[in-house]
Structures are given as structure tokens and as C-alpha cells.
Amino acid sequence: MAKRDYYEVLGVSRTASADELKKAYRTKAKELHPDRNADNPQAEAQFKEVNEAYDVLRDADKKAAYDRYGHAAFEGGMGGGARAGGGYGQQGDFASAFSDVFEDLFGDFMGGRGGAPRSRAQRGSDLRYNLRVTLDEAYRGVQKTINVPASVACDACKGTGAEGGAEAVTCPTCSGMGKVRAQQGFFTVERTCPTCNGMGQIVKNPCKVCHGAGRVEKERSLSVNIPAGVETGTRIRLAGEGEAGMRGGPSGDLYIFIEVREHALFQRDGVHLFCRVPVSIAAAALGGEVEVPTIDGGSSRVKIPAGSQTGKQMRLRGKGMPALRGGGAGDMLIELAVETPVNLTARQKELLREFEKLSEDNNPEGKSFFSKVKGFWDGMTG
């Protein structure tokens, strides 16, 4: 079977740039890779065809020979000047081309040429701590002491993992690269070194305290400043208070996530507070004053307008929560709840019945409601 044109295989024009060739190759190779096409028996042959085409067109000399002589340039019939370095059958050149692109596609799985070893010094992991505070503490701000279990640098070996603090030595398996290579079929696979776990170094005489880890588990007490205005979900970062680093690497950070407990009197909405205050029927009808508590521990007297109903809201400006990053404070919203009296005496019941007879014209909302009900039923029967 005649070979297809290499440009056709990659789906590019003959004037395609090196970047366009590489982009086309990456797309085709990713699409046709055998690992992703286990149920397609033709995928492997197409995959090899794509790699063969790119192996030629990525090389300036091979490309020039192909543009001039076509496939004949690599079939052995041309003179030495026409053969530009061999074709698909030369595994070294092909593996080089394959590795260049697949290093981008699969990261550490495919190794490029001249890859660097993993950094020997590793930063420690970040830690999370959930801290609950009261609404009063969130209002004022508070200093809290917390106990955090974490890995810290071993004092016996100064974090090196070696007995007596001796330095680690270069790993003999990977020669300090942290990776080892293996030939699989027509390409090279690069994996993390199993001896040093990618560190590039090993400890000959492990520390007896930390067993070569360079870290030990320990609970630490930390003092944390909780600023005024925090709310549930607020995150506080303590730099360098996370897990200890490896091989002299920096420690991670500790992130404290705040949860504000519910309050018996106040509900919170951002910087605003909400308080439901019960009032008597007499106070709601005649008007008056009610004393309401405030989050700062004090109280404020609030005037109740005559004729107030349940659900009426009044605002105390500046009596809410402080803004976390400055900018004043929110408000406190007071909602009235008109309270129905219970456990009435005979005299109280008598007075209420008399009051009801005298108040037919004093209940506009009820009058309006029953008028609407009458209209509804008239419409149903009419």
C-alpha cells in the first residue's frame, strides 16, 4: 500500500510552520494514542503513521529531503545527499521527537531530554484548623490559644533525616536525577526513582528518632489573634505554621477557618444584626417604649409607634457588627412581635369581650381581609 503524504497525515499545509506542525502532531497523537483506543485495532497503525510523519517534518534536513524527493528520500534509493538522517525505522531519532511532544502531554510520565531532578528541598504541606467563636467574640475580637498536631523538624537530626545531622548522599540508582528511564517499545518512559522516591538523595544512616523522615509528630500551642468582624467562612493564614519542610525546605502555612456560633438573641446577616422583640397588645396599640439589648452588652430604648403590628421593623444605626476591614459598623434591625396574652382571669376576659364589641372600626386589616373573602365567595356562587 502506498504511503500517505506526510502533510496529509498531520492535516497541515506544506507551508506550515514548526509550531503549526507540533500543534497538529500533539492533537493527532493524543487522539490516536493506543491507551485511549483499546477498542480500535487501527489506532496503533494510525498512531505510528502520525509519529513517522512528524519525525520527518520536524527535522529541517529531513523535511527538505522529503519536500524534494517525497517518500523515496528514505527508501534507500537516493544518494547520501538525499538521505537526511534516516526515517521511522531509526528508533533513536523517533524516540527523541516522540519524547519532546509527549512530555507536554503527559507531564512526568514521559521524560524529555535533559530533565532536571525534583527539588531536594520540599515545602511542607499546608494545614487547616476549624475554630469556633461566639458572636460576642466576633464582635470584639479575641486572642485564642489553639493546639495543633503537626509534623515538625526533628531536633535530633536537624531535619536532615540522617544520624547526627549528617548530609544525605546522592542516590546511586538515579545518580541524583530523582527519575529512572526504561525503554518500552518505541519510546522511553521516565518514572520516579523507587530508591529515593524522586528526591535524588538517600540517607545512609537514618536518624533513630525520626527513622530518616526528618520530621516528627508534635502538638504545638499557638496564639491566634481573631480580629473583630470575622464571620463564618473567614480564613486566617499563619505563615510557616504548617507541616515542616523536607530536606531543609520551608514549612507550609496554617489556615484557620472561622465558624461563628448562633446567638440566643441576635441573628446575623453580614454586618447587620436582627433581633425579634415581644411587645404587649396595649403597647402595640397605644404606642410606647421598649428596652432592647445590643451586642456591645448595653441596651437602647426604642419608641413603638401607636398601631404597630407584628413584623414591623425599626433600625438602630451603627449597632450591628463591625466591618472586618474597617469602614464602620452595620445596623441592628428590631422586629416587633405583638404578644397575645394567656392565662386570662375572668375579669380580663370580660374586658376583652367588651373591647371587641367597641372595636369593629379599629381593625382595618381584618375588615379588608373579610371583605375580600366575601367577594371571593360571591364570585364562586354567582
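Start at 1 and count along the chain as shown; that gives each residue its number.
Positions of Cβ are set from backbone N, Cα and C atoms, glycine also.
Pulled from Swiss-Prot:
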- Cys154, Cys157, Cys207, Cys210: Zn(2+) 1 binding site (BINDING)
- Cys171, Cys174, Cys193, Cys196: Zn(2+) 2 binding site (BINDING)
- 5-70: domain 'J' (DOMAIN)
- 154-161: repeat 'CXXCXGXG motif' (REPEAT)
- 171-178: repeat 'CXXCXGXG motif' (REPEAT)
- 193-200: repeat 'CXXCXGXG motif' (REPEAT)
- 207-214: repeat 'CXXCXGXG motif' (REPEAT)
- 141-219: zinc finger (ZN_FING)
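Each residue in the repeat 'CXXCXGXG motif' (207-214) gets a DSSP state, and the totals come to 0 helix, 0 strand, 8 coil. Rounded to a whole value, the Cα-Cα separation of Cys154 (Zn(2+) 1 binding site) and Cys174 (Zn(2+) 2 binding site) is 27 Å. Remark: secondary structure over the zinc finger (141-219) totals 3 helix, 35 strand, 41 coil, with classes taken from DSSP. Taking H, G and I as helix, E and B as strand and the rest as coil, DSSP gives the domain 'J' (5-70) the counts 49 helix, 0 strand, 17 coil. A gap of 17 Å separates the Cα atoms of Cys210 (Zn(2+) 1 binding site) and Cys196 (Zn(2+) 2 binding site). Annotated Zn(2+) 1 site Cys154, Cys157, Cys207, Cys210; additional same-chain residues within 8 Å of its Cβ mean position, judged by their own Cβ, are Asp155, Ala156, Lys158, Gly159, Thr160, Gly161, Ala162, Pro206, Lys208, Val209, His211, Gly212, Ala213, Gly214, Arg215, Val216. The most densely surrounded of the binding-site residues Cys171, Cys193, Cys196, Cys210 is Cys196 (count of other Cβ atoms within 10 A of its Cβ). Sitting within 8 Å of the Cβ centre of Cys171, Cys174, Cys193, Cys196, and not among those site residues for Zn(2+) 2, are the Cβ atoms of Pro172, Thr173, Ser175, Gly176, Met177, Gly178, Lys179, Val180, Pro194, Thr195, Asn197, Gly198, Met199, Gly200, Gln201, Ile202.
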